[in-house]
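Scroll down for the structure; my scribbles are underneath it.
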């Protein structure tokens, strides 16, 4: 039987710890080679091996000489004569930078320098049955090479040219050691694999060489793709598959931030070089502080830095240097400045910046809808400049406050070329415009909804047209020029509340909506008459939809989030194929159909509330949930 123990030699001399051939024909162990063969006396020699990184040739030469000295010829029982002189009883038969073979009277010993783990093994094969001559045995000690004789003992050992030690000295050391103690105290020791030395013998009696086998580690637990509709086992947990992410980062703030918007920066458009930097503005929903009551809420200007590319670590790759810091993902950084805010921030939106210029708007207006019913407008440009460079005086109070909603809070807020639209839970929509003298809010609301206004979107093509979603289950389209401030067209879009909508910026007649029942529907606004039918209808999510947004440059792709802790990416350009539609087993053996338009499912956050594509970093998505922000880029978009 073969019992192998690998020895790690990372940039240091290495003694072979144990390599034992358990048979009557010979053994190699403890850095010492010994053999008790038929018609041959016992041959012993200590073997010192250098590293694979420095002197392969010198080390091999030292090993050769060690074995040559150890192979001392002796008269065999039948009195057969030897073919050659004693010095020729061992000769090197092969050499390269990876493997050296040294044959000692047809007993082959191979040093394998495995570059992938920098491990050294010794293996020995039994003598072939047709061997006619055996070496003599003497008590001669092996000699170092002339180069090694002039080296200090440590350096000679590193080059594999140390001399063998007398057996008596080895015995003295053995007497002071326990049965399981390690003479050389190597740092790496693992149980090896057991192999039958005689299993590969040919019928004609010739032995096949069996190379040393590296230790086998216990197999890692099997991983499988998780899809919603399946339950995790008691000992299972979700971990991200980094192979499908170009970037994936999670960042946390002191309080939940359930609404945010992406701020335009001056770093350029269509950025592809990692690491990325993103600017966002968000608002908190602070909780209770023990003994102090409710914490103060804030508007937070954030800079997300160091959004590096996700490293693709391959656990099966064994030639990686663990000390190489280049393969370690950089941690993303979060820098921020805060602005005091009265009440929790239900929704926050930044005024769109001109897309034809790289300059950051000044002033840069951001609007918040508070739980108090007030809409506050802040200028965040001084905060951006302070984070990016020299400090600037910063105003900590709103530049304008809209009070037309009274005490009715709301969640619908949207900037456009015409002005700022805000909708409350009392079904009222107000328009605020910016004039040379400041902000002005019309006292007359837009009234057609019969329940809470949940979301508002300006048309990307017509600056006077906007759409709204409501808890009355309808989506309505308005024109601010119409008399009576009534909607011009409407459709019952969902069976429950319509929570969110998004207007396609590339195809101005497409609008996507998300409902409380978890449905996603894509509408052709040209068909908004009578009882229109959506051009696409997806029922993948199992909880209310909380956010939807079209891709800023790919008009067929949109993203959605839901209270089922999913962020999904969809591509309408993928055609339906009923014959090839994949399914997964669900609860109770019921199969779940996977829509072919579903590109990607991102999970890992709890109660995802809002998502946005970054308009200057193609494919980058930022999401916020009750526990963290995620910034990620997938291989799908």
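One is the number of the first residue shown, and numbering goes on along the chain from there.
Backbone N, Cα and C atoms are what each Cβ position is placed from, and that goes for glycine too.
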Given ranges 4-35, 196-227, the stretch to which TrEMBL attaches the annotation region 'Disordered': 196-227
Annotated stretch (region 'Disordered', per TrEMBL) among the listed ranges 259-282, 283-306, 307-330, 331-354: 307-330
Mean of pLDDT values spanning the repeat 'WD' (538-580): 92
Secondary structure content, the repeat 'WD' (446-488) (per DSSP, counts of residues): 3 helix, 19 strand, 21 coil
